[in-house]
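Engineer: Below you will find the structure I want to go over with you.
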Amino acid sequence: MDAAKAPDLPSKAIVWLLVSFALLLVPQWDRLPWWLIAACLALATWRWLAQTGRAALPGRLVGTLIMLGLIAVYVLTVQGRFTVETAASFFVLAVGLKWLETRTSRDFYVLFFILCYLAAVNFLFQQGIVWTLLNLAAIFILLIGLQILNAPDAPNVMAAGWKRLGGLMLKTLPVVILLFIFFPRMSPLWSVPLVSGQAKTGISDQMDPGSISNLAQSSERAFRVTFGGEIPPHRDRYWRGLILDRFVNGRWEQWQIDARRRTGRVQSDGGVGPLQSGEYDVLLEPTYQPWAFALDGSEAISDNVEETAAGTFRFRRPADTSVRYRMALTEDKRESAFLSPQDRQRYLHLPAEGNPRARALAEALDQQTNSDLALVQSLLTRFRQQPYFYTLRPPEMPQDAVDTLLFDVQRGFCAHYASATAFLLRSAGIPARVIVGYQGGSPGADDEYLIVRQYDAHAWVEAWIPGTGWLRVDPTAAISPDRIESGLRQAVAEEGSFLENEWASAQKYGDVAVVQWLSLQMDQINYEWQRWVVGYQGQTQMNLMSKLPGNLSMRDLGYISAGVLGAALVVAGLWTGWRHRSRKPRVPALRLMGEWQRLLLKRGILAETADTPSSLASRAAQQEPVHARRHEAFARAINNHYYGSGSLSRDDHRRLRGLLRQLRRSS
Amino acid sequence: MIRSQGFDRKERRRTPNEGNIRRRWRGWVDRRIPLSDEQQFTQKNIFILPSGAGLVFGLLLLVMLMTGINYQNSLIYLLTFMLGALFVAAMHQTHRNLAGLRLSLVSAGEGFPGDHLTFRIRATAEKDAFGIQFISPEGETRRINVVPGEIGEFELPVPARQRGPVPAGRIQVETRFPFGLLKAWSWMRPGSTGVCYPRPVTPPYETGGEEEGVQASQPRKSDDLSHADLRPWRQGDLSQRVLWKRFARTGEMTIADWEGESGEPVWLDFNQFPGADRELRLSYLAALVESRSRAGQVFGLRIPGLTIEPDQGSAHRSRCLRALGLCGFEKHVAEAGVAAAAGGESVYARAS
């Protein structure tokens, strides 16, 4: 790169660079601080104004000040958190600042590299097919910019550039696909958290009484499920996520993060083999949390999930990208019908004070019934018969929330009722825990899979019944059977509160057939994309490979990848060589002609530019009559070649060589 | 090949070993790329390597691959493979960009020491050849785009330092199109040389020959053509020597070569400066050629091995100056002739 010699950057190339930058910012818009986006746009605009001569680029001092200022703001915003997300925003900042320093083609390349990497960073956060296409489009545009930079005044460079790039992409596509399939997916090398804090909507590891009703306002996708067999009915689709077993300050939390883990059964074709009946595949959107969602009585099939002691499932690290895992429904209850004294204590623990009326009610229920199961049933009956309402707009319950809900307002959401139920059960001496997860899910296009959205988030209770084990107790089912039978939309239909703040969501307009159809088709395309392309990772790859003959190992895959690459290079090389060969035959005639002329020159005959082979031959013949016929034969052969058949056959070539040899020898 | 002095000096400054390697490399390249006014690039003489940007790009791909591995991100793998494949494909593109190119030297320049001689080079291509850069040994750069069916022509200045033939040296021809990540290059080594005339030095005196005033040899403005040789106009004849009256009458441009009282034409002779060394004599002669030509005089030139009959005009002037410039370099004249002959190939090539 000759920075010194490089001319001013051509505007045509700068434009493409700017467009690409703008496109690459789009996938980041919701995670970048607003000031950063504004600053980037301002700096890029400044660069463009300078390009068109309407502004000057800042001098060194001003440039440094701007840089220091923006970096200071960045440091204040980030506050020392180091994650990929903050690194990514620093990256964006660097690109923005680089605009002011883009003067030479070297700078252009620096921007090109940074923007390429920015596209890769975007893939960390967004993997939908639309985002992918957007990123790739930005890369294409960058490459067009590079072509223009390298031949700014070439005719028609832009249209030819698109064509050339498209051609290159098509030609390399087979290699790219083969590499994608065979390149060994190694395990991560190091670990830097992708994001800081809770950037994502989703279930958290605490449950305030109001927490889940926030989620109910979001139609974002939580996960999608494909069943090998029949899709279970709506009322049975309880997706258990995590267990909250500690009640503190009116809030349910996890007592401890489960340390003991049982690994799931690992089957070799867990990830991609055809789904067996009773199995199901879950494609989870990134939650940045370690827990996986599974139906009651599931076991892990794929080895990326592990079962905890409490019967929930976890990933080894937070799901910061979309994760695909496979589970199977089993009939046998693996939970032993035994609760250790420590666990019993844990599941009975309540704060010493608070909610006195609820405690009294629990006491009363305990006395009325003779078994734990009967108590649970009488509690549910109470919820069913008394005027409790299921609403997304419950009143505030700041003090003694359980008492207020049960006896005063009697209006609440699933989280309120689950919290109250667990409290009552514990007060009555029955071990109980709150389960947070999702309930339900709506069918996707062609009913092939289920889409579970954030508004399907749900909380319910499990109670320990001696001899039975953990029993699901869902007060919401008693209060609002619609919620469990057909989902939130029906449950709050009268209230009209379904997605009341989400104007843009297609789910809100579920009754408009076209919107619903389009939304489901888009979702299906995305689902397949996520399953087969985005989700093509370690185990999935090994599973696919196990289908090929020869039981390929990771190392074999490496060899195959190298082989693919090598073969591609050889094929491309041969192809280029062949193309050149087809053009070659004309060169020998030229070479012969040159040799002849040199030979004549030695004898004092200079070939003028205007000489034809014949005129040269006649001059040569005058000079050395002995060889007259040879010279003439030579000239005739050359003329024949150029004006006759147009090709110099192997025989001609040999004959001419022979003539030259004779002429040379005689001198 | 004639190496310029500057080049040799540069080489001597290096360590012997390094110089040796360089010399070998150059020798190898020179064998691959023969001296010729005509250059067609093929696999045999095109070199290709990643450019600086290409190396950084390779590093970037590595970093992207690491990111993909670390975050188990299929799409980053995909992007990396796409860009990597594109890099390899670009290698062929860049190579092909140069491979179809044909160069021919149209003319090598002439001039006095200190001048820049213009080497005119013509480029044709069978398919698009964009962003082709020509770099002279002095670092002069020209950039052209060639499309099939069109002729790209450009001039490359080569400084003339010393009297004699001036080779263009190795003209580097390189391209980084389309993406600038790879650099394909080769050289063109024109066989024809430019000519550097002797530096004109006005002689302190003139001996021998005819010392006549400028006035004396001026054509007489007379209608009496009895002492004049009439001949048709040739390129290079000064316009004041055309018999315009005759032109008005017959429509033919006629020149009168006056003899009459002015007697013999002026002969500039190598031997007329006894005592001066050869270079100085040639310099004197160059100065005389210049002054005579400016004055529009008829003169002839005698140097060892060559006699140029008396004539006048700009073609005559350059012929004389060229002869002075090449005096003592006859071997190279012959070589230049070979190169010129080789240049003739292009005529046939185009005819085919």
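Heads up, the Cβ atoms here are built off N, Cα and C, so glycines get one too.
Sharing the feature lines straight out of TrEMBL:
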DOMAIN    A:406-477  domain 'Transglutaminase-like'
TRANSMEM  A:9-26  transmembrane segment
TRANSMEM  A:32-50  transmembrane segment
TRANSMEM  A:57-76  transmembrane segment
TRANSMEM  A:82-100  transmembrane segment
TRANSMEM  A:107-125  transmembrane segment
TRANSMEM  A:131-149  transmembrane segment
TRANSMEM  A:161-183  transmembrane segment
TRANSMEM  A:557-578  transmembrane segment
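Give me the lay of the land around each of these features.
Structural biologist: Residues belonging to the domain 'Transglutaminase-like' (A:406-477) score a mean pLDDT of 90 in the model.
Listed as Cβ neighbours of the transmembrane segment (A:9-26) (distance under 8 Å, sequence separation of 6 or more from its ends, same chain) are residues 32, 37, 40-41, 44, 47-48, 51-52, 92, 95, 102-105, 107-108, 111-112, 115, 118-119, 122, 134-135, 137-139, 141-142, 144-146, 148-149, 152, 157-158.
Using a Cβ-Cβ cut-off under 8 Å and counting only residues 6 or more beyond its ends in the same chain, the transmembrane segment (A:32-50) has close neighbours at 14-15, 18, 21-22, 25, 56-57, 66, 70, 73-74, 77, 89, 92-93, 95-97, 99-100, 102.
Residues 35-36, 39, 43, 46-47, 50, 89-90, 93, 96-97, 100-101, 103 of the same chain, all 6+ positions outside the transmembrane segment (A:57-76), place their C-beta atoms under 8 angstroms from a C-beta of that stretch.
Long-range contacts of the transmembrane segment (A:161-183) within its own chain (CB-CB distance under 8 A, at least 6 residues past either end) are made by residues 140, 143-144, 147-148, 536, 541, 544, 557, 560-561, 564-565, 568.
Residues 172, 174-175, 178-179, 182-184, 541, 545 of the same chain lie 6+ residues outside the transmembrane segment (A:557-578) yet bring a C-beta within less than 8 angstroms of a C-beta in it.
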Engineer: Short question: which residues 6 or more past the ends of the transmembrane segment (A:107-125) have a Cβ under 8 Å from it?
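Structural biologist: Distant Cβ neighbours of the transmembrane segment (A:107-125) are 1, 9, 13, 17, 20-21, 24, 27-28, 31, 84-85, 88, 91-92, 94-95, 98-99, 101, 131-132, 135-136, 138-139, 142, 145-146, 149, 194, 321.
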Engineer: Tally of helix, strand and coil residues over the domain 'Transglutaminase-like' (A:406-477) according to DSSP?
Structural biologist: 27 helix, 30 strand, 15 coil
